[in-house]
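Asks: Okay, so TrEMBL annotates it like this:
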DOMAIN    2-154  domain 'N-acetyltransferase'
BINDING   Val79, Ala80, Val81, Arg87, Arg88, Gly89, Leu90, Ala91, Ser92, Ser115, Glu116  acetyl-CoA binding site
ACT_SITE  Tyr120  active site, proton donor
ACT_SITE  Phe410  active site, proton acceptor
Amino acid sequence: MVTFRAATAADFDDVNRLIQRSFLNDDGGREWDEERALFEPERAVLAVDGDRVVGHVGTYTRELSVPGGVLPAGFVTAVAVAGTHRRRGLASTMLTRQLTDIRERGEALAVLWASEGGIYGRYGYGMASRRLSFEIDRREARLDGAKFDKARLDGLSLLAGPAADFRSEIGIVYEQQRPLRPGFASRDARWWDYRLADQAWHRGGAGPIQAVLCRDGDTVLGYALYRFRSQWNDSGPNGQVSVMETVAVTPAAYTALWEFLLNVDLTRTVGLWLGAVDEPLQYLTNDPRRLGMRLGDGLWVRLVDIPAALSARRYPVDVDVVLEITDDLLPDSGGVFRLRGNPDTATCEPTTDTPHLRLDTATLSALYLGGNTLGALSAAGRVEELHPGALTTTDPALSWPRAPHGLEIF
Ligand SMILES: CC(=O)SCCNC(=O)CCNC(=O)[C@H](O)C(C)(C)COP(=O)(O)OP(=O)(O)OC[C@H]1O[C@@H](n2cnc3c(N)ncnc32)[C@H](O)[C@@H]1OP(=O)(O)O
């Protein structure tokens, strides 16, 4: 019989074996120090059959940046059920328990990356951000000097080397930008260890993680993390640059970093898998079509405490709207709420007032980071306008100047 329980630190090896097998990974011969350090056993839900761990859902305690704020969230990870026990409802039981636990801990939302896009909608998750991938033929694409102020790049200098050498500089830039970009996540020392862990297993055939810093005098204004892959074919060099993340404080620093990344000798392609939908690169090049852009789903968000979540973010224009939210999985999380907000403050409280808009939790969650519009979700039939005009007035308030950006898979 399958039973469910929290994990202990001693479960790590069994849990890890299940995860690696479920994700079809070869777990042979690896140390798992970084993963072990991140494991939060008291937050994990296990399914156990006899003495075998046959199911796991994990939660990391981190902060998520949202429009105009930063809030604690449950970062959902490593959802896995043994092949022998699938399609019997184990994942559903564990994921529902997990959401209740996240709410009881006072976190307003859960966030995850989905291995497959069809899994999480049924649990009230909405696709809250998208990723824009780039596969750039660097002989065809270049930065177009007419599109930026070259003079601003003159005072900047670049410094490149193994990423580990620049860990503190990178961390400072990241912390500076983190609250400003919805979708960014807090990174303590353990998360930086994980991000910069450079085992061959992480490399996918490429070399060790490199960093390039952009500086103005002693001030670091941005960095990029990337890897090289050396390759040759009959026509000569065919190397690749795989960009992991580019974070910059100023537009000039961003431009200088991409100028560097697009001009590495002996390379032919530059890839960025987890780019932002509003990645400035697409507005800086001679021909955006040459960037090989492709859209995919990014962060999936699930609100579990609607008043707490909606009052924690900010709204670019005044909003005063009554929302009726249906929640089939956690009915007591739904209800009718009055949201009042502006760029500086927001409140959201249960109300008996007549609703203006009706939507379900997954739809509200998809809107939460500002990465989708009310208009688009309404066109998909996911929002019901109960008060004429409410869609038009509420839509701009739920947007945000920067698109949410999930920078890393966790
Ligand atoms: C945040 C993350 O960790 S994402 C990673 C998710 N994990 C993986 O992809 C690893 C490989 N897969 C697995 O381990 C399992 O198949 C899981 C965890 C995805 C599902 O576990 P199960 O115990 O079989 O799920 P469960 O029986 O509760 O089914 C839940 C529902 O999801 C559906 N479902 C399960 N997997 C998928 C999928 N890949 N695509 C679409 N629907 C799916 C089931 O059909 C079921 O639907 P229903 O409620 O309409 O009947």
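Positions of Cβ are set from backbone N, Cα and C atoms, glycine also.
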Asks: In this predicted model, what is the average pLDDT of the domain 'N-acetyltransferase' (2-154)?
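Replies: The predicted confidence over the domain 'N-acetyltransferase' (2-154), as a mean pLDDT, is 95.
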Asks: In DSSP terms, helix, strand or coil for Ser92 (acetyl-CoA binding site)?
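Replies: Going by the DSSP assignment, Ser92 (acetyl-CoA binding site) falls within a helical segment, counted as helix.
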Asks: For ligand 1, which among the recorded positions Val81, Glu116, Tyr120, Phe410 have a CB under 6 Å from it?
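Replies: Near the molecule: Val81, Glu116.
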Asks: Report the nearest neighbour of Phe410 (active site, proton acceptor) in space among the binding-site residues Val79, Val81, Arg88, Ser92, comparing Cα positions.
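Replies: So, spelling it out, the nearest of the binding-site residues is Val79.
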Asks: Measuring CB to CB from Val79 (acetyl-CoA binding site), give everything in the same chain under 8 Å that is also at least six residues away in sequence.
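Replies: Expected: His56, Val57, Gly58, Ala91, Met94, Leu95, Leu112, Ser115, Ile119.
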Asks: Long-range same-chain neighbours of Leu90 (acetyl-CoA binding site), Cβ under 8 Å, sequence gap at least 6?
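Replies: Val2, Ala47, Val54, Gly55, Val81 - these are the non-local Cβ neighbours of Leu90 (acetyl-CoA binding site), listed in sequence order.
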Asks: So among the active-site residues Tyr120, Phe410, who's got the most Cβ atoms within 10 Å?
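Replies: Per the Cβ count within 10 Å, the most buried is Tyr120.
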Asks: Within the chain of Ser92 (acetyl-CoA binding site), which residues six or more apart in sequence place their C-beta under 8 angstroms from its C-beta?
Replies: Tyr123
